Amino acid sequence: MAAPGKVAAFRLPPLPTIGEIIKLFRLKALKQLSQNFLLDLRLTDKIVKQAGELKNAHVCEVGPGPGGITRSILSAGVEQLLLIEKDARFIPGLQILSEAAPGKVRIVHGDILTYKMEKAFPKHLKKNWEDEPPDIHIIGNLPFSVSTPLIIKWLENVSKRDGPFIYGRTQMTLTFQKEVGERLTANPGSNQRSRLSIMAQHLCTVENCFTIPGQAFVPKPEVDVAVVHFTPLVQPKIQQPFELVEKVVQSVFQFRRKYCFRGIETLFPENGRLKRTEQLMMTADVDPTLRPFQLSMSQFRNLCNVYRKMCDEDPSLFVFNYRDELRQKKKTRSLLGSTGQPEQTEEENQL
């Protein structure tokens, strides 16, 4: 019995185990959806613990599946839990949890990639961007096929302060393949340093919390799984539009094993390419013989800032697409025949 004046901690009533739920509803992980179930509630508790203090918080869980992490979230004493599940087979099992926690759970049968998060939570939870993060959390054991496009989408939302970040600097605790988790947190000079490293770290504090061995999942994936926590920064490290930063970063990492100037060249049309590449690198004070993974965040910031000025002076630059130029060259080659036409370069073949 709770002490006078204190609210008793929320406890789920006795429920079928996750394994029993899977058997009861004849649930099977679908390989084409990259589904893997986590049945060990000690591990689901550990994931939820990384999200921070959840008592009386509002939480959105992405892809709850049979509901292992869902139970750990509810046991943490949340105020409200929104479950977004694409696979209709899991809905009946989640409804059992909803009935066990009256008034706390809302289930949405939908796709997180298209779900409008702007209206997911009460308006009174909104905080100014400069304030502490709101009492809102996103948690999810993401299918591998969805994790990268989803985090890129949410990083764009962070940059524009919309979607789930219309409420402020909403925190996220998500699972990824171990290799993707390493990329998200990789430092300059690391072989795992990639486009994902820059896009995530210039907008968020990113922490690789711990690794879950593959054998903890059913069915066992071929890789281990990383649990990664994101807290949006008050000020992004590169203060340019998301699309511009993404274009520059993507171009730099186009040829990650070559000198960085080879990728930066792809920002410019063939006519004047070399001159403009030299201008960008000199003005940004970036050594053209560095490899993409060696560049620091401040060097990426300089490249983005100088490229922005060049685009302001010549707006056609930003809409230029190197791949379109390659396609056009290939089309011209095929129309004219190979005679007298230069062969494709190694970079063109790679793209």
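Keep in mind that glycine also has a Cβ here, set from the backbone N, Cα and C atoms.
Quick look at what TrEMBL annotates:
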{"type": "BINDING", "residues": "N36, L38, G63, E85, D111, N141", "note": "S-adenosyl-L-methionine binding site"}
{"type": "DOMAIN", "residues": "43-234", "note": "domain 'Ribosomal RNA adenine methylase transferase N-terminal'"}
{"type": "REGION", "residues": "332-351", "note": "region 'Disordered'"}
Q: Counting Cβ neighbours within 10 Å across all chains shown, tell me which of the binding-site residues N36, N141 comes out on top.
A: N141
(Q) Long-range neighbours only, meaning 6 or more apart in sequence with Cβ under 8 Å: which ones does E85 (S-adenosyl-L-methionine binding site) have? (A) G63, P64, G65, I91, L94, I107, V108, H109, G110
(Q) Taking 10 A as the limit, how many CB atoms besides its own sit near the CB of G63 (S-adenosyl-L-methionine binding site)? (A) 24
Q. Including all protein chains displayed, how many Cβ atoms other than that of D111 (S-adenosyl-L-methionine binding site) lie within 10 Å of its Cβ?
A. 12
